[in-house]
């Protein structure tokens, strides 16, 4: 696996590098789920700044757990209680934290390109924990690992990404990563929520959910940002749910057993029904991987931090 200095996105990342991260994740997953987990403190003494300008539950806590499992300490950052409220720029915030001798940055920011920007002004490793509508690479890695763990490979599996693709950083990173690893990707959404360049992405396009589900081996359901219903993208949340909500009734029509993923948080009974979201065992036409994704998120972030801080000279 080629040496990584930063992880700002999956666009342009080689299949070899992706495979290396997924292989390393597999090792950490085995340790993480062992009856008595015991981790090597390979990052002992390292300090990781979690710089989150947006709210987060799964991503922030899993990065914190990943760091602690490897022996590193974390510094929490909240924009609302920092000098950002006094007008301090992102650049100055990062430079000041670097001057405190932190060893790496995990950044979540509402502006697309922010992670790439700070990777150019610091010598420390930068991990993108979500930047605007651009990318969310560790979420895509955990989605890909979840799929690979179930199917044994990513090559030739068909993944339908359903929902608000236009505004989704999760969708973008998954498209880049899955296609690189040889998977087939389908996008299913109202035309108002598809990116204008969708036809150039090398994906299949669907506006009919039944057709997409009949094509797919797995469904990655995206969180619908509720403001889209008032922003002119959708007639109403109810109409969206009728046409694009993942329910047992709709799955039964496809007569296929699908793996169901969702990055969270869930809008229950809008993009996905309670029964589909919570079903982890048969009978039924689907298996929910939502909590498995959360577990895998810790292992993926351990692999990323280990690669950037311990394995890179």
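Each Cβ is built from the backbone N, Cα and C atoms, and glycine gets one as well.
Annotation comment: Swiss-Prot describes 58, 59, 108, 136, 139, 264, 265 as carbamoyl phosphate binding site. All protein chains considered, the CB of residue 265 (carbamoyl phosphate binding site) has 11 other CB atoms within 10 Å.
Look at Swiss-Prot and you will find 86, 169, 223 tagged as L-aspartate binding site, backed by sequence analysis. Residue 169 (L-aspartate binding site) carries a helical DSSP state (H, G or I).
Surrounding the centroid of the Cβ atoms of 58, 59, 108, 136, 139, 264, 265, where the record places carbamoyl phosphate, the chain contributes additional residues within 8 Å, namely 56, 57, 129, 130, 170, 263.
Here carbamoyl phosphate is bound by 58, 59, 108, 136, 139, 264, 265 per the record. The longest Cα to Cα distance in that group is 16 Å. When secondary structure is read from DSSP and collapsed to three states, residue 59 (carbamoyl phosphate binding site) falls in the helix class.
Cα-Cα distance from residue 169 (L-aspartate binding site) to residue 136 (carbamoyl phosphate binding site): 5 Å (rounded to the nearest whole number). In this structure the C-alpha atoms belonging to residue 265 (carbamoyl phosphate binding site) and residue 223 (L-aspartate binding site) are separated by 7 Å.
Taken residue by residue with DSSP, residue 139 (carbamoyl phosphate binding site) is part of a helix.
The number of other Cβ atoms within 10 Å of the Cβ belonging to residue 59 (carbamoyl phosphate binding site), over all protein chains shown, comes to 24.
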